[in-house]
C-alpha cells in the first residue's frame with residue numbers, strides 16, 4: 001500500500017471552505033446516513049416482516065462481528081496499510097478455542113485463548129510489516145494462507161463442537177430485551193475506537209502516517225511502532241470477533257468466516273475511509289456497517305441467495321468509490 | 001541487474017531440482033519423465049495465469065479477479081457447449097477469450113479512467129464475477145456428460161509426447177516472453193511500474209498500459225477457463241476458488257516485485273512450477289493435502305522477505321543501469 005502514496009499526496013485544497021452547515025451536509029457520513037435511511041424505508045416497503053424489533057435485532061448479527069474488525073481495519077487503512085488476513089485469524093483463533101474446548105478448558109480460558117491467538121497473529125503480521133519492512137498487502141496474503149492453512153491442518157474436513165454452555169452467551173446472549181451482547185460490544189468498540197482515533201495523540205499519528213509517512217518520520221512520529229500497534233489491534237479485534245462468531249455458531253470449521261476480509265475492507269471503504277490512507281472517520285464506518293447489514297438483511301428477507309448479495313456488496317464497494325471521483329470530475333469540468 | 005535476476009532464476013531452478021530429487025528418494029518414480037510431464041501439465045493453467053498476473057503486477061497493479069473471471073467465463077463456455085453442441089470448438093475458445101477480455105477491460109477501465117486503486121477494483125469485481133457465475137447458472141453444475149467429446153478431449157490429446165494443454169502453456173510462455181521483452185507494450189509495462197513519474201515524462205500513458213495489462217489478464221483467464229473446465233470436466237460456481245492467490249504467490253516466489261517493474265517470464269514460470277511440484281509431491285510423500293495451504297503461505301512470506309532483501313541490495317545498480325540505458329538510447 002505504500003507505493004500508492006505517491007499519487008495520493010496531490011490533494012486539492014479549496015480556496016475557501018464552505019460554511020460549517022454546507023460542509024456537514026456535504027460530508028460523506030451524512031450522505032451515507034441518507035443512503036441508510038433510504039435502504040431502511042425501501043426494506044420496510046419491500047417486506048412486511050422487516051419492521052419487527054426481534055427481526056431487526058437478528059439483523060444486527062449480520063454486521064456486528066465484521067464491524068468490530070472494521071474499526072481496527074479503518075485505523076490500519078488510514079495509516080496506509082491493510083490486513084487481508086483478518087478472516088484467517090478468526091479461523092485460527094476459533095480452531096484454537098475448539099481444540100481447547102475439547103481438552104476441557106472453561107469459558108474464561110476459551111475467551112483468553114481466542115483473544116490471545118488473535119493478538120499473536122496480529123503481532124506476527126506487525127513484525128513482518130514494521131520490523132522487516134515488507135509490503136503489508138503481500139505479507140497478509142501470505143499470512144492469510146498460513147493462518148487458515150494451520151486450521152486446515154488441524155481440522156481437515158472435521159469440525160469442533162461441544163463448547164461449554166456458558167460460552168454461548170457471547171454470540172447468543174442478550175443484555176436486555178432485544179439488545180444482544182454482540183450489539184452492545186459493537187457500540188462499545190465503536191466508542192473506544194472513535195476516542196482512540198479522534199481524540200488521542202495516537203490517532204493523530206495514524207493520520208499523519210497515512211498522509212505522509214516520510215514527513216511523519218521527520219516529525220518524530222514512531223512510524224514503525226504505531227504500525228505495529230495497529231496490526232496488534234487488528235489481531236485483537238479479530239480474536240474478539242472470533243469469540244463472538246464461534247459462540248454464535250457453536251462449532252468451528254476451517255472454512256469459518258471465509259471471504260470476510262473482503263466484506264470488512266468494503267465496510268471500511270464504504271464508510272468513507274480513503275483506501276490511499278490519511279482520511280476517514282469511525283462514524284462513517286459505523287454507518288457503513290448499518291448500511292451493509294440492512295442491505296444483506298433486506299435481501300435475505302426477499303429470499304436472495306448469499307452469493308447474489310455478494311454482487312451487491314461488490315457493486316456497492318466500486319460505486320461508492322467511483323461516485324465521489326466522478327462528482328469531483330464533473331465539478332472541475334464545470335468550473336473550467 | 002540481469003546478473004542478479006539470472007541468479008534468482010538459477011537459484012529457483014536449483015531448488016526445484018533439489019526438491020524433485022528429494023521427493024524421489026521418498027517416493028519411487030517421482031522424478032521419472034512421465035511423472036514430470038504430468039506435473040508440468042498439471043501446472044500449465046497456473047503458469048498461464050501467473051504470466052497474466054505478472055503483466056498486471058509489473059504495471060504496479062494487482063488483479064485479484066482472475067479466478068472469478070475464470071469461473072464466470074468457464075460457466076458461460078460450458079453452458080454454451082451444453083446448449084449448442086454443434087458449435088465448433090474454435091468459436092467457443094474465441095468466445096472464452098472474448099468474455100475474459102471484456103471482464104478484464106471492466107477492471108482496466110475502472111483503474112484507468114476512474115483511477116480507483118486496482119486492489120479495490122478487483123476485490124469488488126471478484127465478488128461480482130463469481131456472483132454473476134451463480135446468476136448465470138442458477139447454482140447448477142454442468143457435468144461431463146453434458147459437454148461434447150471434442151470440448152473435453154482436445155486439451156488432453158497427446159502431441160509430440162505432451163498433451164495439447166502443455167503445448168498451450170508453452171506457447172503462452174513464448175508469446176509472453178516476446179510481448180514483455182520485445183514490444184513497446186512490454187517496455188511500457190516495465191516502465192510504468194518501475195518508475196511511474198519517469199514513465200510519464202518518457203511519454204508513456206500509464207493508465208492505458210494498465211488497461212491493456214488488465215485486458216490481457218482477463219483474456220488469459222478466459223483461455224484458462226476453457227482449459228480448466230475441459231480438464232476437470234465440470235463447471236460450477238466455485239471452480240478455481242482462491243486461485244487468484246496462487247497466481248500472486250507464483251509471481252512473488254518467482255521474484256516479481258509486488259511494487260512493480262521487476263520480474264521476468266522465467267521467474268513466473270519457475271514460481272508456478274515450484275508450487276506445482278509441492279502440490280503434486282504432498283500426497284505422494286504422505287502429507288495431508290490440507291497442509292498445502294499453510295505451506296504456500298509460508299513460501300509466500302519467505303519469498304517476500306527474500307525479494308525485499310534482493311531489491312534493497314539492487315537500488316544503486318538499477319539507477320546506474322537506467323542511466324546507461326538512457327545514454328545509449
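Glycine is treated like the rest: Cβ placed from N, Cα and C.
In TrEMBL, the annotation transmembrane segment applies to B:39-59, one of the ranges B:18-38, B:39-59. Of the candidate ranges B:185-205, B:290-310, TrEMBL annotates residues B:290-310 with the feature transmembrane segment. Among the ranges B:69-87, B:126-144, the one that TrEMBL lists as transmembrane segment is B:126-144. Using a cut-off of 8 Å between Cβ atoms, the transmembrane segment (B:39-59) and the transmembrane segment (B:250-278) share at least three residue pairs, counting only pairs 6 or more apart in sequence. A Cβ distance under 8 Å defines the sequence-distant neighbours of the transmembrane segment (B:290-310), meaning residues of its chain 6+ beyond its ends; these are 4, 8, 245-246, 248-249, 252-253, 255, 257-258, 271, 274-275, 278-279, 282.
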